[in-house]
Amino acid sequence: MSKQEFHGHIGRTYDESEEWWPEPTRAPEGAPNVLMVVLDDVGFGHLGCYGGLVDTPNIDRIADNGLRYNNFYTTALCSPTRSCLLTGRNHHSNGMAGITEISTGFPGYNGTIPHENGFLSEMLVEEGYNTHALGKWHLTPAQDMSAAGPYDQWPLGRGFERYYGFLGADSSQYYPNLVSGNEQVEPPATPEEGYHLSEDLADKAIEYIQDSKAVAPDKPFFSYFATGACHAPHHVPKEWADKYAGEFDMGWEEAREMILEQQKKMGIIPEETDLSPHNPDVPQWSLLSEDERRLYARMMEVFAGFLEHTDAQVGKILDFLEGIGELDNTLVMVVSDNGASAEGGPTGSVNENQFLNNVPEDLEENLEAMDELGSPEYYNHYPFGWAWAGDTPHQRWKRETHRGGVSDPLVVSWPDGIDARGEVRDQFVHAIDLVPTVLEAVGIDAPDEIKGYTQSPIEGASFAYSFDDPDTPEQHTTQYFEMFAYRAIYHDGWRAVNPWTFNEEITAEDLSATTLEESGWELYNLREDFSEAHDVASEHPEKVLELAQLWWTEAGKYDVLPLDGRGTQRFAATGRPSVSA
């Protein structure tokens, strides 16, 4: 408790003195619980309620009870997006240009979120909330993840009262490197005993809420539930994958057509939306061998089972909240952190680290593993053709700033606070907008100071205005994007995109005045071309120039510079702080 002005009276002795106790901090009356569900590597077209081919009845239930946003954007990568979701600031403002393991010695790239950029958990705990984090964190500087600490960038150091999960980028679902609070712990069971991390996280989320409500039933909670799914390894009990046997034999091109049709039928995308062109990196399904098609279809079956299994865990939490009478006054937000992942390469992998280290896959060996994919024996990932399909109707995927990398599902429900049911909203929303939206729903302002740190301004804008009015003009009208020098800018319905090859260094020579003004930029009018299927840069050179210059203005505001196209090379960057140095 901080020292406060004393309002009693202190005399020479107790009998002539008057006690005084400060009022305990309480959340505003009627303030909602907040459940933020963060999925991993789930694309715009994966969920059932977004036209996907995977059954997700529980997330669909949230959508039926609330809203789906079709113009929600992320940063194209996990740690950067998660920093936005929890602080309301842009990823470069958070020092999170990339994942923490590839930090470099520049303000926007150093992998350390400044305490001046407070977390939503820090804001809510000071307003009388219980705060819990479950699952993937990936926001601690790489050099601070050991038992030697420091712990100020672990979840308990950023406003969460309880934490159970893993600190890194991904995890085995059967043998996770678990942390409880600030302590490394062993999983409570083995795979042979039925252990699966997603189930464990859901049980722990329920336990934390139950503990809080048992003692203080009127105290609201903020639960940040970040599954390891559906990041590789795609680990799921066999029966969940077997449910989808034969469901993907048609291949990724036909899957895209099916998803597009369902999206239009649902009204999640405009009726006139065209499917973005065939990705030249993706082989045609019909040209694959029979063995390749059989293997790749099975890899997608495993992913589908993994996603549906994850949905079932979300359902357990929803059922619990409904059972204790808390669901109606819980603001539920379900998001993904980036587009579907292409990190399985063209062939998929039984160990995604092979692709990341440029180790060729052996088809015969992978065929031998096919029946055991999803088990503890393998660290499997599907081919990037399925990522392309999972991002339907958009082009490209995770790590790139075309819509396939940055357009994601956002499902919101709050029965006591949102009258709309099963509706779609098309206003532009970005990951930095969730924090101010939650603050508005709770009825509090962003604090000026947290733990002695003067707070930087929130950079997002609340989208609560859209809850009950589908026609209100969007309030977030300009947003830059950058990931590994792959750039984009949104402004008033237009998007300009400047692709850059992953792992290719970008130099000053690449950014001559001519390049800045004219070269490399694609242009899309999203009000007429939802899927970025038609590049109109040649028809509107003045708009290209306007948006290119606007990108540089925004980059200067938010610590985006210097541009760095290196990706995996940054893992070996020199000069990075080390706990043992």
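Yeah, the Cβs are placed from backbone N, Cα and C, and that goes for glycine too.
From a predicted model like this one, the values you see are computed outputs, not experimental measurements.
Range 1-22 is the one annotated as region 'Disordered', of 1-22, 177-198 (source: TrEMBL).
Sorting each residue of the region 'Disordered' (1-22) by its DSSP state yields 3 helix, 2 strand, 17 coil. Looking just at the domain 'Sulfatase N-terminal' (32-444), the mean pLDDT is 98.
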